[in-house]
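What follows is a short report on a single structure.
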Amino acid sequence: MHIPDGFLPIWESILFWIISLIFVAKSIMWAKNNLDEKSVPLFAALAAGIFAIQAMNMPIPWGTSGHMVGSALTAIIFDSPWAGVLMLTLVLIVQGLFFADGGLLAMGANIFNMGIIGGFVGYYVFKALKKSNVALASFLGGWCATFLAAIACAIELAIGGVFPLDKGLMYMGLYHAVIGIIEGVITAIVVSYLSSTKPDLVKSLSTQ
Amino acid sequence: MDNKILIGGLIVAIIIAILAPFLASSNPDGLESTAEKIINEDALHKNLQALGLEEEGTVAPSPMPDYSIEGMGKVGEVIAMIVGTLIMLALAYGVAIVLKKPSSN
């Protein structure tokens with residue numbers, strides 16, 4: 001759901017850059033207070049993995065495809081939605097600068113949808129459900145993150161006048177309800193795998 | 001142990017990066033599919049004109065648009081993905097090293 005330049009009016013692109021930069025600044029503060037030296041390799045490895053898996057579009061019905069985003073997974077592993085914001089900001093910078101995936105002006109909106117909405121929704125859904133079942137909580141965290149990021153994207157495009165609101169919500173919601181399953185399954189697999197083999201790496205499970 | 005995570009993660013990422021050009025679906029993604037069906041062409045045209053773009057994309061040229069290298073086909077896509085994965089790893093590592101909390105010792 002990378003918004004290209006041209007989909008949003010300039011004023012709206014700038015507005016979302018301003019909003020997102022405030023969150024990015026907070027995510028930098030999070031790193032300065034919480035990211036310990038031991039976690040640096042994990043953060044970098046996760047970034048490489050998320051970049052690669054984002055290019056792996058998987059087919060869904062209706063001649064459409066979708067891919068993992070990864071902010072929910074990052075937020076769960078680092079026990080903070082701010083980790084997801086920082087991660088997706090870096091991923092979107094590389095994608096936008098080197099691969100024309102998502103516009104540079106629209107990057108603020110893309111950070112807002114995939115980093116901020118994705119990170120916060122994914123983290124708090126997981127946190128609310130982790131006591132019942134970690135895999136299910138991870139799946140639903142990932143699914144809700146993708147679905148609500150897409151809903152936010154549809155609303156932004158409706159505000160800009162490029163999509164009609166009703167049909168935008170319907171199609172974006174429908175497609176991403178399915179794409180969210182990809183996000184949920186991969187998030188659940190990675191969190192389950194890490195929590196069984198290297199439980200100390202999944203910070204939201206080792207702390208209360 | 002820490003280097004193991006870095007190398008292990010990089011190996012997994014590179015494998016995915018090499019496979020992606022062959023396995024990834026070329027169908028439009030959810031946003032592109034939605035746009036094909038319902039986009040307001042007048043509004044899009046107005047936005048593109050304001051930016052001086054001919055079609056939607058990005059305001060600055062990218063060296064490897066759409067994860068490909070011009071004229072190099074699948075090989076170029078594999079190279080683009082590997083280069084991207086390494087840039088991503090380096091950027092994330094560098095940013096994390098700079099931003100990490102001061103160590104206690």
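Just so it is clear, glycine is given a Cβ too, placed from its N, Cα and C backbone atoms.
Annotated transmembrane segment per TrEMBL: A:7-28 (among others), in sequence order. Counting residues 6+ beyond its ends, the transmembrane segment (A:7-28) has Cβ neighbours under 8 Å at 82-83, 85-86, 89, 103, 105-109, 111-112, 115-116, 156-157, 159-162 in the same chain.
Feature annotation from TrEMBL assigns transmembrane segment to A:40-60 (among others).
Taken from TrEMBL, the feature transmembrane segment applies to A:72-98 (among others).
The feature transmembrane segment is assigned by TrEMBL to A:104-126 (among others). Beyond the ends of the transmembrane segment (A:104-126), by six or more residues, the same chain brings 1-5, 7-8, 10, 12-21, 23-24, 69, 71-76, 80-89, 92-93, 96-97, 137-138, 140-142, 144-146, 148-150, 152-153, 156, 187, 204 to within a C-beta distance below 8 angstroms of the stretch.
According to TrEMBL, the feature transmembrane segment maps to A:138-163 (among others). Within the same chain, residues 1, 3, 7-9, 12, 16, 66, 69, 71-73, 76, 109, 112-114, 117-119, 121-123, 125-126, 129, 169, 171-173, 175-177, 179-188, 190-192 sit at least 6 positions outside the transmembrane segment (A:138-163) and bring their C-beta atoms closer than 8 Å to a C-beta of that stretch.
Summarising the annotation, TrEMBL assigns transmembrane segment to A:169-194 (among others).
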